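Asks: Among the features that TrEMBL reports, transmembrane segment is placed at 27-49, 61-79, 99-121, 141-163, 197-225, 237-261, 273-292. Taken from TrEMBL, the feature domain 'G-protein coupled receptors family 1 profile' covers 42-290.
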Amino acid sequence: MALWNSSTWGSSFILVGILNDSRAPELLCAMITVLYMLALASNGLLLLVITTDVRLHVPMYLLLGQLSLMDLLFTSVVTPKALVDYLRRENSISFGGCALQMFLALTLGGAEDLLLAFMAYDRYVAICHPLNYMIFMSPRVCWLMVATSWILASLSALGYTVYTMHYPYCKAQIKHLLCEIPPLLKLTCTDTSRYELMVYVMGVTFLIPPLAAILASYTLILFTVLHMPSNEGKKKALVTCSSHLTVVGMFYGAATFMYVLPSSFHSPKQDNIISVFYTIVTPALNPLIYSLRNKEVMGALRRVFGKHSLTTHSAF
């Protein structure tokens, strides 16, 4: 059987995702299509509102806009190809396409991992040190956080992608929704145990510190909220933070399962379900979790569409 390596860019893999193994692929395809359209609409709308409404030009919503951008790109890296492949009954992906998809997915996943930690810090400063908020969260600091998320994630993704794709591959069938490290390593012709250990260690290193920072931030926030004299202030703080914690739980739960749990805990079916969750379901739900429970976002939505409606009527 032919081998695949970093020089054979004309070779192809076969992606056998959840649609191919499902008992009701047509129904699942329809559900994934609806979720993808919801992700496009909700994240795109949230980005539009945050960009156009000057009242939302504050660090909290700048970071939220970046989260929506990451979700929008992440689901678009995976979902359209999966749907088109199923409809065309053509599941191949070139060696170069596989490498690109892996790089983009790892970059966007890693950037979101870091961004969620920065968002937790933003909430900690806003609730625990409100008088110094614009000092600790100045526009410069905020953009530095955004740049750090993208740069560190892309450098890490580049290293992982280059090293993963340099192996010779004896099999072409990837039993997964997208090109990711764990399912790809099962196709290699050589022993990858050391690299798998490195992936595990790096996964823990990349996931645990941000998660620890998030937990520390919200522990301090909880102590502060419990000592607030105003019940209205307590409620507002808890609603804002619970939205963030819901997103954190969904993201880190899936990432931990995929990159921290040992390979003995993995099966192709479980990995496919988890991959659908963090590439399709989570990007669709994130903006709804934030916007539906946030009065400022809902108010901005009404203002933006109110202006659009007035402009349309005046045109006639």
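Every residue gets a Cβ built from N, Cα and C, even glycine.
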Asks: Going along the chain, which residues at least six beyond the ends of the transmembrane segment (141-163) come within the CB cut-off of under 8 Å?
Replies: 6, 59, 62-63, 66, 99, 102-115, 118, 122, 181, 195, 199, 202, 206
Asks: Sequence-remote contacts (6 or more beyond its ends) of the transmembrane segment (237-261), Cβ cut-off under 8 Å?
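Replies: Contacts with the transmembrane segment (237-261): 67, 109, 112-113, 116, 119-120, 123, 127, 180-182, 199-200, 203-204, 207, 211, 214, 218, 221, 224-225, 228, 270-271, 274-275, 277-278, 282, 285-286, 289-290, 293-294.
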Asks: Do any residues of this chain, six or more beyond the ends of the transmembrane segment (27-49), have a C-beta under 8 angstroms from a C-beta of it, and if so which?
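Replies: Counting only partners 6 or more residues beyond its ends, the transmembrane segment (27-49) has Cβ contacts under 8 Å with 18-19, 56, 64-65, 68-69, 71-72, 75-76, 79-80, 82-83, 86-87, 276, 280-281, 283-284, 286-288, 290-291, 297, 300-301, 304.
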Asks: Which bits of the chain, at least 6 residues beyond where the transmembrane segment (273-292) starts or stops, bring a Cβ under 8 A of a Cβ in it?
Replies: 17-18, 32, 35-36, 38-39, 42-43, 45-46, 64, 67-68, 71-72, 74-75, 77-79, 105, 109, 176-178, 180, 243, 246-247, 250-251, 254-255, 257-258, 298, 301
Asks: For the domain 'G-protein coupled receptors family 1 profile' (42-290), what's the model's average pLDDT?
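Replies: Here the predicted model's pLDDT, averaged over the domain 'G-protein coupled receptors family 1 profile' (42-290), is 86.
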